[in-house]
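Chemist: Sending over a structure as structure tokens; questions will come in a sec.
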């Protein structure tokens, strides 16, 4: 990954964000993205390999694993982080569009040119709506993924032992999840940080509306 490009994107997002937006971005980058890359991926790297069932029936372990882990935590978190950060880039693109339009009109108008956007990054008009909708979208994405996690993994926790009786298992078998306590700690951490991000997005949206 090119960290220079990523740093430039973060700088652009920070430049056009409010104080609440900067806190949100720091929380996402430090407590969600870095935790995901540095620690969470390694914790779930052996989840399928170390999912053991007390049977030697071919296919039983794979079927039980697919039943209890329909979608991996890691893949869901990756999708969540992608969807939750995209709206911030739309704000940068909108500002870039304003700057390009201003430059084009300046070249065409010459001496008679009249400035349309004295400050292209100022949240007025269409940019205000883009920024507000991005906040609502970010909060909505986090809420949807929190619901998906709750539906797949009740109470956001994993049991130490699960009982499976799906074919081709010969009978009810016990299956053991690898490192459930550690996984539960990381899951709850990501859930709490997502809830904080939702609150920050809603507070920032209320701040924008109140300021206007």
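From the backbone N, Cα and C atoms, a Cβ is placed for every residue, glycine too.
Just lifted these from TrEMBL, have a look:
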TRANSMEM  20-39  transmembrane segment
DOMAIN    42-75  domain 'Connexin N-terminal'
TRANSMEM  76-97  transmembrane segment
TRANSMEM  128-150  transmembrane segment
DOMAIN    141-208  domain 'Connexin cysteine-rich'
TRANSMEM  185-209  transmembrane segment
Chemist: Based on DSSP, tally up the residues of the domain 'Connexin cysteine-rich' (141-208) by helix, strand and coil.
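Modeler: Counts, helix then strand then coil: 44 helix, 8 strand, 16 coil.
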Chemist: Under DSSP, the domain 'Connexin N-terminal' (42-75) has how many residues in helix, strand and coil?
Modeler: 14 helix, 2 strand, 18 coil
